[in-house]
Amino acid sequence: MVLSIFSTVRQHRVQIRRSAPQHHNAVHLSCLLSNWQSAPVRRNTKRARYSWQSLRVCCLMERPDFKLAKVQLALDTKAKISEGPTWLETRQELAFVDIEGKSVHIWSPKDGVSWKLDVPGRPGTLSPTLEPHLLLVAMEQEIYLLDLEKRQLGEKIVAIPEPLRRSARFNDGKASPAGSFIVGTVHNQAIEGQPGQLFLLAGGPSGPLDLVQVLSEAELKMANGICWTEGMHSMWHCDTSGGCIKEYRCDKHGAPERDDDGSPSCINQIDIPNEAGFPDGMTIDSCGRLWVALFEGSAVACYDSNTGKYLGKLDMPVRHPTCPIFGGPKLDTMYVTCKGEEPEKGAGGVFAATIPGVHGVAASYLAKITSVLDGQVQ
């Protein structure tokens, strides 16, 4: 039975509040002296990409020293598909989902304590909120609250649009630096080529919550990893079945903008050959480098978000990594989830990787939860 967080609350609203922008550390001058490998990149040069304020030393990025990287199994959960890792900075805990295992997992690396909550559906992703004990959980067909203190799933926030109820489920999603929630869907027949969509959770205490489509099924194939560049100048988005990562100009919510002709404002595209794996989950580090899990590719690839150039890869001991995220007190540990039910040791668990000099950025927070009783905001 789904338990309610607030038994007297007739409904929940999500008040979208602007969170503190993601902070990026300065990059050493050695960034200027690096050599790169390139990957195919398509550009849209209709408009300038960056303002003068965004031009900084790390426009040229150093290649991480992958030879000194250390990867080890950190948590052997044996999940069916561990996905959507989210670092809860205020709690110093890692949250992630097991999609096919229909559960949410919480783990404290400091003391090794972990627990899981079984949920009535396939969860796709999680997002921290401005309430430290509450997470937003995109389930198979609905988005819920989850109370970490009570270890209970709360009431439903919003449901997947009616036309998609029988054909799709929520997949990856994330809070933007503006405090908005962007979440994608994957079609039940995605393997056969059926496309997904990308949505913005919109609304607030003065009006009903709704999911607004920001990319249609004609504009992507399988919605997956999302991250934003510093200052929310752009959003990078993985299209798994499309075998590419696209960069879009952002609106005030962090969602893709559209050009004058109505098409999505794609300003960069990285094409990944099938033999390298399929782009799945993604995160960004303090230097602005993209880290992309290559499903079926046994690696997490690294790209320069300014140019789209390939910088190298972190080899993984499992064939199906699903998503990386940075965590730890200094955000210098990369946690990587992966698919389970595989022959490799640790499949379905969480791996921890450290690469000298590489740090992540703090997650954005969204959704200050407001209870609405008899129409009055409490």
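Just so you know, glycine gets a Cβ as well, placed from its N, Cα and C.
If you check TrEMBL, you get these features:
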DOMAIN    82-338  domain 'SMP-30/Gluconolactonase/LRE-like region'
BINDING   E83, N224, D280  divalent metal cation binding site
BINDING   R169, N171  substrate binding site
ACT_SITE  D280  active site, proton donor/acceptor
Of N171, N224, the binding-site residues given in the record, which has the fewest other CB atoms within 10 A of its CB?
N171
Let's check the environment of R169 (substrate binding site): how many other CB atoms sit within 10 Å of its CB?
22
E83 (divalent metal cation binding site) has how many other Cβ neighbours within 10 Å of its own Cβ?
27
Rounded to a whole number, how many Å is the Cα of R169 (substrate binding site) away from the Cα of N224 (divalent metal cation binding site)?
12
Proximal residue to N171 (substrate binding site) among binding-site residues E83, N224, D280 (C-alpha distance):
N224
Environment of E83, N224, D280, the listed divalent metal cation site - residues of the same chain whose CB lies within 8 A of the CB centroid:
G84, N171, D172, G225, C238, T240, G281, A293, F295, T322, C323
Do you know the mean pLDDT across the domain 'SMP-30/Gluconolactonase/LRE-like region' (82-338)?
93
Surrounding CB atoms that lie within 10 Å of the CB of D280 (divalent metal cation binding site), all protein chains:
28
